Amino acid sequence: MPLAMSHFGAMLGVFLILWCGLTSAFGLYLQARCARYLDRGSSSFFALSQITYPNAAVVFDAAIAIKCFGVGVSYMIIIGDLMPGVAEAFGSADMGWPFLDDRKFWITAFFLLFIIPLSFPRRLDSLKYTSVVALLAIGYLIILVVYHFSVDELPNKGNIRVITWEGPVAALSSLPVVIFAYTCHQNMFSILNEIKDNSPGSIVAVIGTSIGTAASVYILVAITGYLTFGSDVKGNIVGMYPPSVASTIAKAAIVALVTFSIPLQIHPCRASIDAVLRWRPISSQRPQSVLSAASGSQPLLPSSSAPALVDSHGAPVVAMSELRFALITSGILALSYLTALNVSSLDRVLAYVGSTGSTAISFILPGLFYYKISDPDSIYHQRLSKEDDDVDLDADSDDDAGGGVLDRDDDDEPGLRGSVASLRSVRSGASAASSRSRSSRWRWRWRRKWRWDLEHLETGLLRRLSLCLSVYGVCVMCVCLVMNSVFAH
């Protein structure tokens, strides 16, 4: 982030961090809207591709695999960049072992001791506890960057751009790094499947809180880190701080964080590659499950009765033999290891990953999925619209009867229809409650005009915005790839 801000300048950098956060949040929101067309607990990229673009599922899985592979490689690069400094702080220079200063040695050591053993177990439940380590490491990193900004005074630091920028080539080459920082969309469907309160307001709160917190942290670290070193700042700012106990702890904490995070990237990468290898073109004739769903004889997807059809990362669950599991995992690990040894530029890896996988997962796929599945001619949209119309009809009937159900915050409860029916039978005369009816009707119209859960947004408007998001993602992908491949050095 500090390096990206050095290319953009302070003002434009802050604006782009906020803009990328807004577009990423909109992509997450579209995924949440798409999940409404599927049975509870069955949302996934795979499930959506089966009813929208079945023959393009291989492209979607390939995008997820590229993104996760790139993240794993970048984590190995971070290990190679930071561990020589940690070893030096512990007195490696006095030991007379020059290989302790070699980044390739540390990548190999962590690869053999930690990454390989943690990547082969099929279940990674124990790694969920490292989330605490992740939060502590991120919090410590923020404190470290802000601390050095407040106490360090570098006499020969680079120039600081506030309004101007370095140029279009350098700026657009760093844009994928900012996009990459917000890419969590491969996990969104898992959250939607597992969250207890899946109401629209709760989902919007989760998206707004997470993206808002991330944007605040990114702006804080970008500004303080950039002002500390100016235009001389590098991609890995932790490696630029002078040797000290504080910087050594920060380096060790980040190394531990990324080491335990690599298996979490290999898991969806392996599932996506397996899906790509198993993919076969689907004939133009619609699957029997879709035909049955269109006739209304069963839910949209049969996954509610068999939730094991997709795993926690949205990939199709197919019995993978031990040999196939070992070969795919070994291939991912070997290619990641070789790439990390031969590529030392962290910002370059993040730039290519952000240009391809991150833009596809964050912008292109959510926009295309929602635009396709919300088509007014789609049987899935017609069924969902009918259910929404039934709820609205019950709410309007209660409003005309002068009831107070709409004043409650839980007006979307399953028992709403029963409450409306009983209330209608008790309050047969509307004259006694005319004033209350007008008051509740005004509140209902206001909530339909603007609601914090964004339920006031019309499908037609969201379809147009989703198409714009996909086009925006394609443009960003093409421009950033050209900039990083042709013009950047």
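Any Cβ shown, glycine's included, is placed from N, Cα and C.
Per TrEMBL, the features are as follows:
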| type | residues | note |
| --- | --- | --- |
| COMPBIAS | 390-401 | compositional bias 'Acidic residues' |
| DOMAIN | 1-384 | domain 'Amino acid transporter transmembrane' |
| REGION | 390-416 | region 'Disordered' |
| TRANSMEM | 6-30 | transmembrane segment |
| TRANSMEM | 51-78 | transmembrane segment |
| TRANSMEM | 104-120 | transmembrane segment |
| TRANSMEM | 132-150 | transmembrane segment |
| TRANSMEM | 162-182 | transmembrane segment |
| TRANSMEM | 203-229 | transmembrane segment |
| TRANSMEM | 241-262 | transmembrane segment |
| TRANSMEM | 325-343 | transmembrane segment |
| TRANSMEM | 349-371 | transmembrane segment |
| TRANSMEM | 465-487 | transmembrane segment |
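Counted as Cβ pairs under 8 Å, contacts with the transmembrane segment (132-150) are highest for 203-229 among 6-30, 104-120, 203-229.
Against the transmembrane segment (51-78), the recorded stretches 104-120, 203-229, 325-343 differ in Cβ pairs under 8 Å, and the greatest number is found for 325-343.
Using a cut-off of 8 Å between Cβ atoms, the transmembrane segment (104-120) and the transmembrane segment (203-229) share fewer than three residue pairs, counting only pairs 6 or more apart in sequence.
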